[in-house]
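Engineer: I'd like to ask some things about the structure below.
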Amino acid sequence: MGRIVRSATYFVAFPLAYALAILAGRATRLGGGEISLVWPAAAVATIWMLAAHQRGPRERAAHAALLAATTFFVNLTTGASVPLTSWFVLVNVVLAVVTVEVLTYRRREVHLRDPADLARLVAAVAVGNCCGAFLAAGWFVVVNGDPAAETFALFAVRNAASALVGVSIWLRLTDITWSRPRVTVLGALEALVAGGVVVAVFLSVFWLTTGVPMAFIALVPAMWVALRYSTTVSTLLLAVAGPWIIAATLLDHGALIVPELQERALLAQSLVGSLAIVVLALALYRDSRARLISELEDARDTADRDSELLAAVLDSIHDSVILTDAAGQVVLRNARAGESGHVDHVVSASREPMSAAGPTERRDLVVEAEDSRIIELTTAPLARQSPFTVVAFRDVTEERVHARELQEARDLFAGVLQAASEQAIVGTDATGHITVFNIGAERLTGWTADEVIGHRPHDFSIFPEVSSRAAELGVPIGFEVFTHNVTPQAAEVREWTYLRRDGSPVAVSLAVSEMTDHDGGCMGYIGVATDITERKAAEQALAESEERFRLAFDTAPMGMFMFDVTPENFGRVTRCNQAMADVLGSRPDDVLQMTVTDLDGLENHSETATLEQLLSLRVGQTFDAETSFRRADGDTVWGLVSASVVAPRGSEPYGICLVEDITSRKRVEDELHYLASHDPLTGLANRALFMGRIDKALADADRAGSSGVGLIFLDLDGFKTVNDTWGHAQGDEVLKVVADRLKAAIGPHDTAARLGGDEFAVLCPDDADVTLLHSAAERIRAELRRPVRLGAGRIYDQLSVSAGVVISQPGCVSETLLQRADNLMYFAKRSGKDCVTMGSEPAEEAALLREMQLTPDLDRAVDLDEFAVHFQPIVDLRTGECVAAEALLRWQHPERGLLCPDAFLTVAEASRHMPAIGRGVLNEACRQARSWAGAAAGSAVHVNVSGRQIEVGDLRADVLGALDVSGLDPRRLVLELTETHAGRVAASIRDDLDMLRELGIRIAIDDVGTGFSGLVKIIDLPIDILKISRQFIAGITDDARCAAITKAIVGLGSSLGLTVIAEGIERQDQRDLLIEWGCELGQGYLFGKARPVADGIKSPLSLFHHA
């Protein structure tokens, strides 16, 4: 609040004082001119800006703006022109601001206390006023043509004198501390006389003696006042003398009267400025000297007080202290040093060379006398580079003896504490704060001594126990629960519980005793605790164990009984729980009348453990087995038995037996064993059981040296049609019928198995003859061909089976034997199905061997993409123009070279890879067809679909995926199905073909006439193209039957509106006949072989040109 009031005062008082100063200055203008002879406004403006300099930047700027506005307004109202007024604003603002900036440069506060401050003030006033005078003189020289030097001098002197005197008075008045002066009569008289003399001299020189050059006489009294009194008095003298000299001179009085009024004013103000400099310099010098003398006197007084204090301190120190000079003379000693009698010895010892450890050294001095004394001596220099040395010493003989005795006692006590590592020793002071915590206590509680020193014992005790003990004793909860009954004569021993650091409790036997000092007062307490946790735990455990055993034995859900092994009652049951009685269907009391052998079940035999074996156990031996028990009602139950004979210390040995009723589990295990080894649908052996039977049969054959083992692998033909047409439930019924017929058709020692899906196998361990095996296979095939009656009166008469029959060779393994039979079964399917293929025929065995060698290579071929797609052109037979191309699969085998499908397709069809291989051919064919350009840009691409791909794959998804990835127009894709597979297409696949055909994809039947499928089945399919097999085309010129079949197929296609393509055209005469019979399209070596894209083929047209 005071700061706000002061700021407001500055904004009012300074503008008002500045305006009055301008008016006073403007009053001293020469007649008709604008140059004032005196300008007190320079002092007020400088003081104003100096006071504002202590404010913030914004407030300083506001004061500067107010200074400019006041200058402009007052000068304008007193007759100055607007241009001149504006220039005066610049002159006055620059004068004040520059003076203040120079005066405050690198100074936070401005004072006038010594000659240096005066010199800075004079320099600041000179710089600021010269800047202002330069600007003012520039105006009048340029505008009025006034002489430059005289004008500059007038402005500089008048403004500088005014500013110097005014700022000096301001600085002095704002820096002094006003206090009531001490007035004496002599001082007052001197002041009156001095004042009178000064007034008389100034009145005479500057008023009465006009025109006499005696102005220098005024310096004498002024200098006397400056040297006699303070700067403040000198400043007040200047405040009165300065205006007096200037006013008297302007009124034509005094020693400075000259003809020119302007020159007169210049002389008067020069004198005032000079007088101010001289008076202030002398006064400030006088004040500085007086201040220095005062400070010296204060320092002397302080030194005297410090000396007295040092003497008092030295005398109050219990040690002896002396101060020696460089020569070893004692220059100062305290009272104790004088009384010690050891000063000479100490001075001599202190002059011995000191170690280099530091400026301060401590050593022991042994003074030899009647009783040797030990003097502890400490020496140190008085100050750095000082010739004096301070020596402090004291007699420590008794202290050292006591310290040694105390250390020995402490070592003994510490040794006892450390040696008692099995006991926890805790010491406290009289208030219960822990002072001792030995290693045994650390080991017992887990706390370290550093962690518990200063705490109380109940801090690591169990709070409920502390509370209970306090209530029992009738004392507050705290340390008193440990010491209530403890006396110096009797320790108290009780059981207690500590709380370990990890939170676990530890039971101890705690003995607490009191320690007393020499006056009998309590010094503290010592508690010795011994860990009894194990003993307490053992006692508790024993009691709990006995109770738990009784409860566990009587209430256990598991059957338990104990039996005697002593000779008197050997084997008799001595104890039985309710669960055991329930197992036996009896009461516990009835069981106690029985022996172990009475419990034995009726189903035990030589391969099963019996309860009688319990009686042969020795102490420490155990018996674990599954055995049977005889119930009271005569039934047999099974139990998992765990028994042993134990011999408790001090008691007779006895046997104990645990029995878990596993009757239900045994039944489930038997059932699971059957389920694990038999097919759940048909009841036939599953693959695992069947493979085990094969291994056993092979092993028996090798041991007996027989000719081998027979194996028949069976696969139902067209079984997928049953599932797709009538559902899986009807399919399961068919499989059950097949299983029943299979079991009826085999011999008593044969094993029939369902290997999965519609695959079956028969093991004939006694039939190693080819004729017998073939007869058995034909018998099975005939039995399975009989019609199967389905639900709702339906009859399925298309059931047939393809069979592969093999005989094992010496060293053969089950997997190899089964794989051979599996491959032969596929040979049977390839041969038209519903037939038996024997593995003993050389040609088929050789083919089988070759294809079997390719089987393990299929995985690698798929992973490394060894399959390639070649293209063969399909042409218009009349024009020879290429209209399409057929994508043909090739296998680039790393060892056998390029393989055609005939060499590996059977193996591939039998593997899990066939759907993936077919999908890859489809994707590659569509991708390459999409890239065909020129005349072939719209040509169709034919892709073969395998039977395996139709049966187990997702043809619809494969085709749509290939079209989506490649971007091929669906109308350019033709899917080719062989006649054999087309005849067995299921209803679901037929729906897929209908959907694909709606997209524009065309369906072709390949090898028409070779699959023996009914025409009705083929025509029922959504087909667009018929392809005549190369077998018929090869014989159309020589074989009338081939010619007739070919003409019939061409005519059938024409009648049904289907496109007919002839395959295998190799000669021109074949082409001519086909054209004559109306066949439009064909393919074969006559037009070009299948070639890869790598050979430079870019389209079917280029294929044709390369043919």
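Positions of Cβ are set from backbone N, Cα and C atoms, glycine also.
Note: TrEMBL annotation is automatic and uncurated.
Remember, it's a predicted structure, so these values are computed and weren't measured experimentally.
Got these off TrEMBL a minute ago, pasting:
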TRANSMEM  7-24  transmembrane segment
TRANSMEM  36-52  transmembrane segment
TRANSMEM  64-81  transmembrane segment
TRANSMEM  87-106  transmembrane segment
TRANSMEM  118-140  transmembrane segment
TRANSMEM  152-171  transmembrane segment
TRANSMEM  183-206  transmembrane segment
TRANSMEM  265-285  transmembrane segment
DOMAIN    409-454  domain 'PAS'
DOMAIN    492-544  domain 'PAC'
DOMAIN    545-592  domain 'PAS'
DOMAIN    623-674  domain 'PAC'
DOMAIN    707-841  domain 'GGDEF'
DOMAIN    851-1104  domain 'EAL'
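Show me how these features fit into the structure around them.
Structural biologist: Residues of the same chain lying 6 or more positions beyond the ends of the transmembrane segment (7-24) and with a Cβ under 8 Å from any Cβ of it are 38, 40-41, 43-45, 47-48, 51-52, 55, 59, 62-63, 66-67, 70-71, 73-75, 78.
For the transmembrane segment (36-52), same-chain residues at least 6 beyond its ends with a Cβ under 8 Å from one of its own Cβ atoms are 10, 14, 17-18, 21-22, 24-30, 59-60, 63-64, 67, 71, 92-93, 95-97, 99-100, 103-104, 110, 125, 128-129, 132, 154-155, 158-160, 162-163, 165-167, 170, 246, 250, 261-262, 265, 269.
Same-chain residues lying 6 or more positions outside the transmembrane segment (64-81) and placing a CB less than 8 Å from one of its CB atoms are 11, 14-15, 18-19, 22-23, 26, 34, 41, 45, 48-49, 52, 88-89, 92-93, 96-97.
Summarised as a single figure, the pLDDT of the domain 'PAC' (623-674) averages 86.
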Engineer: Per DSSP, how many helix, strand and coil residues does the domain 'GGDEF' (707-841) have?
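Structural biologist: The breakdown for the domain 'GGDEF' (707-841) reads 62 helix, 35 strand, 38 coil.
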Engineer: Considering only Cβ pairs under 8 Å, which range in 492-544, 545-592, 851-1104 makes the most contacts with the domain 'GGDEF' (707-841)?
Structural biologist: 851-1104
Engineer: On the DSSP side of things, how many residues of the domain 'PAS' (545-592) fall into helix, strand and coil, could you say?
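Structural biologist: For the domain 'PAS' (545-592), the helix, strand and coil counts are 22 helix, 11 strand, 15 coil.
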Engineer: Between the stretches 118-140, 152-171, 183-206, which wins on the count of C-beta pairs under 8 angstroms to the transmembrane segment (87-106)?
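Structural biologist: Answer is 118-140, with the largest number of Cβ pairs below 8 Å.
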Engineer: Can you name the far-off residues of the same chain, 6+ from the ends of the transmembrane segment (118-140), with a Cβ under 8 Å from a Cβ of it?
Structural biologist: 34-35, 42, 46, 84, 87-88, 90-92, 94-100, 102-103, 112, 146, 148, 151-153, 155-156, 159-160, 163-164, 167-168, 171, 277, 280-281, 284
